[in-house]
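Chemist: Per TrEMBL, domain 'NADH:quinone oxidoreductase/Mrp antiporter transmembrane' is recorded for A:136-426. TrEMBL lists A:12-29, A:41-60, A:119-136, A:142-163, A:175-197, A:264-281, A:287-309, A:316-336, A:342-365, A:386-404, A:424-447, A:468-489 (among others) with the feature transmembrane segment.
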Amino acid sequence: MSSALPSGGSFLLPFILGAPLLAMFVIVFMPKDETKMIKIIAAMGTFVAMALSLFAFFAYDRSLGGMQFTLTIPWVPDLGVNLAFGVDGLSLPMLLLTNLIGFSSIYASWNMENRAKEFFVLLLILITGVMGTFIARDLFIFFLFYEIVVIPIYIMVIIWGSTKRVSKEYAGMKLTIYLLIGSAFLLVGMVALYLAAAKQGNPTFMFDQLAARQNLYSAPFQKAAFGLMLFGFGSLISMFPFHSWSPDGYAGAPTAVSMIHAGVLKKIGGYGLIRLGVYVLPLGAKYWAPVIAALAIANVLYAAFIALAQKDLKYVIGYSSVSHMGYVLIAIAALNPTSINGAVAMMFAHGVMSALIFSMIGFIYEKTHTRNIPDLGGLAHQMPRLAIGFIIGGMASLGLPSTVNFISEFTIFMGSIRVLPVQAILGIAGIIFTAVYTLRIIANVMFGPRRPEWDQLKDIRGPELVPLIVLGLVIFAAGIFPNILFGLVNSGVTSSGLQKVLETVSQAKMGGLF
Amino acid sequence: MFKEMHDLFQWAWLIPALPFLSFLLIAFVTKRSKGLSSTVSILAILTALGLAIAIGLGIIQSGAELVEHPVIVSANWLNIWGLKIDIGTVVDPLSGMMLFVVALVASMVQIYSLGYMQGDKGWSRYYAYQSLFAFSMLGMVLATNLLQLFIFWELVGLCSYLLIGFWYFKVSAREAAKKAFITTRVGDFGLLLGILFLYNKFETLDFTALSAALSTNLQNVAVVGTVGYVTVMAFLIFMGPMGKSGQFPLHVWLPDAMEGPTPVSALIHAATMVVAGVYLVAKMYFLFEASPVALQFVAGIGAFTAIFAASIAIAQDDIKRILAYSTLSQLGYMVFALGVGAYSASLFHLMTHAFFKALMFLGAGSVIHALHEKQNIWDMGGLWRKMPITGTTFFIGVLAISGVPPFAGFWSKDEILAGAFQNGHPIIYAVGLFTAFLTAFYMSRLFFVAFMGPEKPQNHPHESPLSMTIPLVILACFSAIGGLAALPEHNFSFFIHFGEFEPEAMNWGLAGISVVAGLLGIGFAYYIYVKEAIKAESIAARFPIVYRILNNKYYIDEVYLWLIHHIMDGLGKVLYFIDIYIVDGIINGIALLTRGSAKVLRRTGTGQLQTYAMVFFFAVVVIFMVFAFGEGQLSSLNPLAMLGGVK
């Protein structure tokens, strides 16, 4: 089981991908009044996917490394397109993350009654799409899944979203247009890369093939292609100044979409930058690294300060996620195995944390019908379990040791401080401001005098507890025993050839910034 | 002999593990049953105390051997490319002493809370937090490396946050909890930087390995201007203790932390967590010792904090706040002791202070309990008669902190002052001596006003239940005789010292001077507050500005609040404005431009075939001309060629 099977071997990943898809098809053929049954089937589909990806997580042979559970089916041989799946230490944590959050997001939407059938169909498509990007070993398939994701998000924000500072139509439009503009640049970069790699025949979209043909890409080409990717993936990971879709989008989106978007979809940006950017175009990465580092610091500090000025809970978390992505970006800019370890772990950690917090905010909004911080307060009186979930999420957000977020941030700091000391110190200063805005919302929403207007509210219970239990458990399990997560990530970083690439990079002399 | 002990020491991890188990049990199992929760918690900490005592006795028996070779047990915690961290336990006299102090005070406080927290709705939650704190603090004490220490350091901070805000419905408690967390985080920022830089340089965070690496292959190389590497590291590391141990200017959170339940103040904000900073400096003393500048700085900050906090304590009326400023002042004592090289004395004072300050806080809690939440000392009076056990034990605490022999504080305080004097720091010695006088004064003031004098008719105090008085008596015993650890041949500093051990004879002359300072303070307070020979009001009236400044704590909180509300939040608002109107404005502008141009271009879609045909025709002509006459330019425009692709 654990060894890398020859191509055409393992059907584990297609099963994982198929489980929510199957549930989706079952739901399509169900009467739309059966909302309870619809939810149960959606939960079952995502549960199977989660259980299987947990199995994959532990069955993966870390000492062997590399792509495992691979399956390759030629699709368009003339163009070199393969239906190729596989996971390694970089993508397997992301796959698990997607399914943890996907499963939780079904339960976070347990009280959804308005057009439930359509909602869960779209949600399952969304989960499948995101998953597909992480298990794809072929750039073409990667891109295909990436585009699949856009459709449900747009519809879901427009129909089930909520209006706050901006209308939900504007938020949905902004989210979608950013995704599409990003993907347009990506497409150009992708085609260019494909053509460059096919210079000596044998066209291919396979990641490892593209990476293996690095010597075909001249330095100027790498700079240009990486630039395009940086724009595409950068706006996806909400890199400053392409971040403004993120707070508006999360605020407008329904809870499940916020969870998935902030939790995993955004991480496709970071994953793509590592897998395609650093892995395939190392000289380009080296060239752009100072720019990424500078923008990353803007992310961390600028967004943290703005989060201080927010009154809407979801905006605070929206800007906070922009701020946290700055850490991932600075880790990518530092371009060494330690920092890349930290970047992947941080994406995982931030995904779990932000999904937890968004689900808790979803419950708050569902019950109180407001997200305006001054209108809330003292909710720990009526809803102690919700308060626990919120505080756990908050503590993870501010990087408290024993949460997986701490050790991820620590690894990033360790990896980047030797390469980019000034930027790293500025970024580390962000931990102070993160603490300020996080503790403020905890204090102002959960603590304080009892408010009689919330006395009739029921604490979260039954299915509503699932996000808290699943995500809370992961936060502490991976935080207290970091080798569970880092062992895998590290095997991905050291065995996938990335390390060799990084060594090449550290030797390359790139001259000035421009 | 040592071999058997060695086996015992390997079980040290059980000491923090037991309270952690109790935390999990309370959180997930016994939450609903009050009786079970407190029983589980107290049993766990008492067992831990038993183990700590066994280990303590083992350490004393092992003698000098353990001082040289601490018993370390560790396992890998994180292992990735370029970063390897272990986690484990270290048993040496220093950690043994801390284990005993922490476990003792934690047990006393948990037993005491049985009475004090009676009837509180959050009973189980309280004991869960207490257990979590005991786990974190004991885990920190046993840390083998800087990162492990930092992890538990942050966890005790979390417990402090949760327990200060235990009564979360009180706005003041909520704000105090937040303030404590954020203020200490400012210090932790520096500490974290220090840890990162040290690992980068030496590829280890292990205390023993760091110490060895530092002593062998590093001179104090200049890195920032003329300031050396070691100095920079020491400054960064010291930022952590400044936050945690409330050194100026990060002291502001500690007085506010008194919003938590009083037993919590006794445990966390007097005896254990706040001394974590002193413990850290002691653990990293090899670093500080290598940089005279850093030591000078530590001494200066400590001495300033000592006198600064003592001066504020004089003008406070809230019993817990007086004790809180007193704690700050005593922490300053421990810190400057480290700065002047009185290593053993500092840790000795850490121990004795834990006994008598926990005692006084619990005594204050007993009073507050009896007076139904009254905390102003002027609302009290004549309590000694009504509460004899609380009164007597509190008086022992006052004598101990004032440095009256033979109580515990006398020995440790005297050693510190002697150290400052003998190591050539006359100014710091003078500051310390004056602080000793102030300390005796404000403590006696507190005691005379609250426990002596006329009774207040509106109060109906009665002695607290046994669960509260027994811990008081036990702590009073330690406060009375704890200082005698300085006397035997194998005394406190034989076990806990830095570098070569050199037994020092008691300097009775210096001791006499500090006793006189303490007695003067007590006498002065006696004249003002008991004899009323000088009216306290008239002194305050004579120096109104001084009184107001002291009463308002030098307005430092106000300055910080102004900075936070105007600078930090202001910056947030400005940046938000920029984000919405400039960053986002550009995006919306591009969108508008697209829409506008689409409106214009839409007109080209006339629907008339003739127009399309004409455009088509002219386009073909243009393309043909380009192909015909501009071949050279065209090939350079070939997008594939430009991207280095196929032809």
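Start at 1 and count along the chain as shown; that gives each residue its number.
Even glycines carry a Cβ here, placed using N, Cα and C.
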Chemist: Counting only CB pairs under 8 A, let me know which of A:12-29, A:41-60, A:287-309, A:342-365, A:424-447 has the most with the transmembrane segment (A:119-136).
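Modeler: The stretch I would name here is A:12-29.
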Chemist: Which sequence-distant residues neighbour the transmembrane segment (A:316-336)? Criterion: at least 6 residues beyond either end, Cβ under 8 Å.
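Modeler: For the transmembrane segment (A:316-336), the list is 237-240, 243, 246-251, 262, 266, 269-270, 273-274, 277-278, 285-286, 289-290, 292-293, 295-304, 306-307, 310, 342-343, 346-347, 350, 354, 357-358, 361, 373, 397, 409, 412, 415-416, 418-420, 423-424, 427, 430, 434, 437-438, 441, 502, 505-506.
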Chemist: Six or more residues out from either end of the transmembrane segment (A:264-281), which same-chain residues have a Cβ under 8 Å from its Cβ atoms?
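Modeler: Sequence-distant neighbours of the transmembrane segment (A:264-281): 90-91, 94, 97-98, 101, 130, 133-134, 139, 142, 146, 149, 153, 186, 193, 207, 210-211, 214, 217, 222, 225-226, 229-230, 232-239, 246, 321, 325, 328-329, 332, 335, 340, 343-344, 347, 350-351, 496-498, 501-502, 505.
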Chemist: Looking only at residues six or more beyond either end of the transmembrane segment (A:424-447), which have a C-beta under 8 A from one in the stretch?
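Modeler: Result: 296-297, 300-301, 304-305, 307-308, 310, 313, 316, 320, 323-324, 326-327, 330, 334, 364, 373-374, 376-380, 387, 390-391, 394-395, 397-399, 409, 413, 416-417.
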Chemist: Taking the transmembrane segment (A:12-29) as the reference, which of A:41-60, A:287-309, A:342-365, A:386-404 gives the largest number of Cβ pairs under 8 angstroms?
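Modeler: Ranking A:41-60, A:287-309, A:342-365, A:386-404 by Cβ pairs under 8 Å to the transmembrane segment (A:12-29) puts A:41-60 first.
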